[in-house]
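S.K.: What follows is a single structure, and I will ask about it in a moment.
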Amino acid sequence: MEASALKAWELDNNVQLVDPKRDALYNFDADAQKAINKEQPWKQDPSHFKHVRISATALIKMTMHARSGGNLEVMGLMQGYTQGDTFIVTDAFRLPVEGTETRVNAQDEANEYIVEYLDLCRAQGRQENVVGWYHSHPGYGCWLSGIDVDTEAMQQQFQDPFLAVVIDPDRTINSGKVDIGAFRTYPADYKPSGGVTSDGFQAVPLAKAAEFGAHASRYYSLEVSHFKSSLDSHLLELLWHKYWVQTLSQNPLITNRDYGNKQLLDLSSKIKEATTGITRNRAGQGMMMGMSTKSSDKAVDKLAKEANLIASKERSGLIANQVKASLFNDLGSKANPTSE
């Protein structure tokens, strides 16, 4: 059961094994990076980078850091290199920054920390450069706000190649799969061909609804996958052997209760707002009162999708709890039956 649980986690997060031949992903080639940085293919094609491969070590570090922040946003940097149209992220480290529930910014103290940390890494023979930054969006999905877009655009201007990664720790706990997204911004004078690509359906809190999608034309998303080395595989097995019982005993409905309550409160606010809007529209339509507008139908459809999403997560948590109860609650009585 322990091995199958670990395998399920790796499959959910698409963690691929890297054998000794493919452990070369961890070997930094300084000459190759200098050649790529000199050629700068991303200058000719703003959508040059299309993939991100994140090591299991970096993924765990970023997820644990995001979770430790609670309702506050946290921030860190990623180390690695580029290979063709792919970012290879080998490691990540947190930054000592002050965050709020809606934004996070690096200060002078963080800049000094970055310089010292990278110097120590190079002294130990780790030559990977900083290739991006990550931060958390507790409870409101993986996308870029206006401040995030400006931050990423500035970094791409001065130290490209660079990418932004967003992790939602609340949705990660809720689903059991790391909720992660990777993004790059377009140049200021560039308009993507084929129009604006939407961020897709996400249950975004009402307070963030106005900003969600407002800057979608300024950035694009990259496909995220994960990998592990032979050493990572051994370390993950040791960690899983230590914590797998705790994983089984936890219930996301209890662990993430505050997030669930916030979702329900936010949904009720959206329903109230949609009801007010529909009533106002019908009152202004006069004789067309019986006909609902397309915008009203769209709003109701989004609310229905969000309600179904919340209900499915709650249902999954309840079913998982019932399965664990049926598996473990009667083990003692079956193993040691008592005679009357």
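Using the three backbone atoms N, Cα and C, a Cβ is placed for every residue, glycine included.
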S.K.: Choose the correct range: of 121-134, 135-148, 149-162, 261-274, which one does Swiss-Prot annotate as motif 'JAMM motif'? Give that range.
M.R.: 135-148
S.K.: Count the Cβ atoms, other than its own, that fall within 10 Å of the Cβ of His137 (Zn(2+) binding site), considering every protein chain shown.
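M.R.: Its Cβ has 24 other Cβ atoms within 10 Å.
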S.K.: Can you count the other CB atoms that lie within 10 A of the CB of Asp148 (Zn(2+) binding site)?
M.R.: 23
S.K.: Let's see if you can do this one: DSSP helix, strand and coil counts over the domain 'MPN' (52-189), in that order.
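M.R.: When I sort the residues of the domain 'MPN' (52-189) into the three classes, I find 50 helix, 47 strand, 41 coil.
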S.K.: So what pLDDT does the motif 'JAMM motif' (135-148) average out to?
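M.R.: Residues in the motif 'JAMM motif' (135-148) carry a mean pLDDT of 84 in this prediction.
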